[in-house]
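Structure, as structure tokens:
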């Protein structure tokens with residue numbers, strides 16, 4: 001097994017509970033949406049987010065809001081929705097209403113890898129890169145802002161869908177100084193882990209409280225960890 005020089009992390013169900021996204025972030029975005037649309041609809045600041053939506057849904061505040069509610073009810077991971085969600089969450093993070101509840105092992109282990117092993121830590125999530133940076137810039141730990149510990153960020157726009165092998169190849173190609181076999185991808189999603197492995201990365205399933213139950217087949221096929229501490233020093 002090649003040494004690990006880059007750890008690539010999923011977010012939801014890996015570094016923080018799925019419930020934070022489903023029960024805190026999503027409702028916050030829905031609650032903030034009507035007021036934001038009313039206040040920002042014609043502003044240059046909001047124009048890129050509005051323009052990214054399909055024309056048939058971007059003609060009125062009511063139409064756009066209805067489309068957002070529909071997409072979120074189906075948990076569809078569409079890039080223009082993810083970008084808008086990040087925009088809506090920004091106010092909540094900045095004013096202290098939102099703080100990302102990282103699992104207790106995450107920040108200490110990230111610091112350990114970075115400081116003692118020289119390992120690069122990067123993020124790959126279906127949430128937009130701006131939303132990722134808001135989350136890691138406003139955690140419930142000390143320090144709250146751990147962005148300086150992270151070397152790069154990937155989403156479905158700059159990398160591609162998370163269940164496709166080509167997305168992991170594209171990510172590794174951006175950092176050619178690290179051979180793809182020296183990357184470790186950690187995720188709660190079995191199909192993402194399989195795609196990363198097909199691309200040539202090492203990959204483990206992270207089994208956190210609140211995550212979907214893993215099949216016996218998945219447990220046999222892949223290494224499963226409950227905490228980053230199980231990985232130890234790299």
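Keep in mind that glycine also has a Cβ here, set from the backbone N, Cα and C atoms.
Of the listed candidates (162, 165, 170), Swiss-Prot assigns 162 to the same substrate site as 125, 126. Listed by Swiss-Prot as binding Mg(2+) are 10, 12; the candidate from 155, 188, 207 that the record includes in that site is 188. Within 8 Å of the Cβ centroid of the substrate site, not counting the listed residues 125, 126, 162, the chain contributes 10, 11, 12, 77, 124, 127, 155, 156, 192. Nearest by CA distance to residue 10 (Mg(2+) binding site), out of the binding-site residues 125, 126, 162, is 125. For the pair residue 126 (substrate binding site) and residue 12 (Mg(2+) binding site), the C-alpha distance works out to 9 angstrom. Mapped onto three states, the DSSP output places residue 12 (Mg(2+) binding site) in strand.
Across the structure, residue 125 (substrate binding site) and residue 12 (Mg(2+) binding site) place their CA atoms 8 angstrom apart. Long-range Cβ proximity for residue 162 (substrate binding site), meaning a same-chain Cβ under 8 A and a gap of 6 or more residues, is found for 10, 124, 126, 156, 187, 189, 192, 195.
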